[in-house]
Amino acid sequence: MSFSLSDDCGTCEDESQEEAEVARPLVSETEGSSTEVAEPRLGTGLIDTGDPATELGHSERQTWSRQMDFIMSCVGFAVGLGNVWRFPYLCYKNGGGVFLIPYLLMVFIGGVPVFFLEIALGQFMKQGGVATWNIAPLFKGLGLASMVIVFFCNTYYIMVLVWGLYFLAHSFTSPLPWATCGHEWNTVNCTTNFSRVCLNQSLASCLEHTGLRSSVMEFWERKVLRLSGGLDEVGDINGYLVLCLLATWVIVYFCIWKGVKSAGKVVYFTAVFPYLVLVVLFVHGVSLPGAVNGIIYYLKPDWSKLSEAQVWIDAATQIFFSYAIGLGALTALGSYNRFNNNCYQDAFILALINSGTSFFAGFVVFSVLGFMAAEQGVDISNVAESGPGLAFIAYPKAVSLMPLAPLWAALFFLMLLVLGLDSQFVGVEGFITGIMDMLPPKSFLGSQRREVVVAICCFTCFTIDLSMVTQVRQRLTGGMYVFQLFDYYSASGITLLWQAFWECVVVAWVYGADRFMDDVACMIGYRPLPYMKWCWSYVTPVVCMGVFMFHVVNYKRLVYNAVYVYPWWGEVLGWFLALSSMLCIPLTVLYKLLHCKGSLRERWQHLTTPVWGRHHLEFLPPENEARLLPKAEENKNTLLYESVI
């Protein structure tokens, strides 16, 4: 017979007893360390290790000072640059307002269920990263995979902030440096008037065929990026970008070095400020000539798009990107919640904020693009861009055409910097949480102060980032091409979908969807809607695997700016980045099964047995708690608590 926390969730005591301190899991796995696999039975919770040195310390764990700190941190992390520069472009490209149909459907069957699952899992286990998956130790590779992905994201994502800071520093001159030719970085082909020759073409393709170069394009490629001829061409370090990179990492460090107590305060500014700027930009944008045409173009429905598979694929992929699913940071943020926090309600609130921001950002972007198209006498489709092309080419060009251009440029790039900054430091916080929870207390790093571990991680990422701020000359690695390689492979749709698929499968089919629903009820006081269980068990895994296979079958080699095709060794390096996270899951399962004793069934039973922390025991009814706690005469330092469900 077995016991479960969820069986007696109605007797859970009030969270006030927990206050702000929560225990770490008290056990490490014993697979391979014993020759017998214990049969599950009621009260199995005391295992004598025979090691008097075993630490069972009830280490303190920070919690959010206020629940709003958690909400703002999640908003800051999940609402990022993709909401501003990717969703509006996808919306207009995939049928305007019609795109909202597949998008909202994917929100409810993919985004919200997995978003809620990750937050609830972190809150229930009170751990981040690898330790979160003590709920099914055989699949701790999921924690490793998420930490690899978020490490890569932390490494390359910050470059967008570096470029934004660089543009911001150049936004306080009139005229703006990218608005005119004649600078040292400009060529003889530089032009600011291309409306006549670019009547029916996009800016990039038009200038490519005519040989002319836009002033903003030359500022971006020759001044900011100092773009080389390929992945194998580089040389000196770009000193100005290094200073911006160093400044950005210093800001990130001091935002999170004290943990959630300090980070929870910073996010109030970094999460709210971008919304204020978006509102100001929207009010200004709709007052510009041509803005209405841009908004109409953004929302104009094309019902024929609903029959195209690519539209549904784009909707699903955008959801997993914008909701930051699979990165492990959401479980880390959830682990700092009070045990009885209503994470179910939080998930819907955060989903509404996330998707609402994406939709509203489209009005801001396309009002300005409509103005830009009207000023240049071209169609809106010829100025619409996505990603860095929108942030550092199209929008700066549009701003340069406005009155008081330096003011609007400074506001836009400050918003871009702050919008990305909170995503960055929350991502780093999630990685640090996973590292700290995984390190043995008596190891070198585990014994260090948190500030030291944060400094080591930030410095490591900074060192890798130096390869992305390089100039042209010798043959090594081109900075922008390295960034594109990380962006395309390390945290791509393929890796995130793979991660989300296995998260749903493990929770729903290995641990048990009904079981987890009961555990959630023990935390929040009631069971979530059954649709959550159905999504975890059937709908979401099918959607994830379907979109995953679509990406694999339709894989295309990486091409930069529609011109430069990456060499074969660059592609191999890219797949190494992708597989370094994806293979963590099957390889960890294989390793654990091979190093555990007993028959295959016994190994599976043992390795899928959850490992609980002491905070779980605090919410057991007295009759079960008495069976789990050690006897008074026993030395607690010789015991490990491991409950078998």
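First residue shown is number 1, and so on along the chain.
Even glycines carry a Cβ here, placed using N, Cα and C.
Just so you know, TrEMBL annotations never went through curation; they're auto-generated.
For CYS181, the partner cysteine in a disulfide bond according to TrEMBL, taken from CYS190, CYS198, is CYS190. Remark: the transmembrane segment (319-336) contacts the transmembrane segment (70-88), by the rule of 3 or more CB pairs under 8 A. Taking Cβ-Cβ distances under 8 Å and a sequence gap of 6 or more within the same chain, the neighbours of SER322 (Na(+) binding site) are ALA78, VAL79, GLY80, GLY82, ASN83, ARG86, PHE87, GLY111, ASN354, SER355, SER358. No contact links the transmembrane segment (534-553) to the transmembrane segment (348-373), because fewer than 3 Cβ pairs that are 6 or more residues apart lie under 8 A. Touching of the transmembrane segment (237-256) and the transmembrane segment (142-168) is concluded from the presence of at least three CB pairs under 8 A, sequence neighbours closer than 6 excluded. Non-local neighbours of the transmembrane segment (70-88) in the same chain are 64, 115, 119, 160, 260, 263-264, 267-268, 270-272, 274, 278, 298, 318, 321-324, 329-330, 333-334, 336-337, 341, 346, 349-350, 353-354, 357-359, 361-362, 364-366, 386-388, 390-391, 416, 419-420, 422-423, 426-427, 430; each lies 6+ residues outside the stretch with a CB under 8 Å from one of its CB atoms. All protein chains considered, the CB of SER423 (Na(+) binding site) has 28 other CB atoms within 10 Å.
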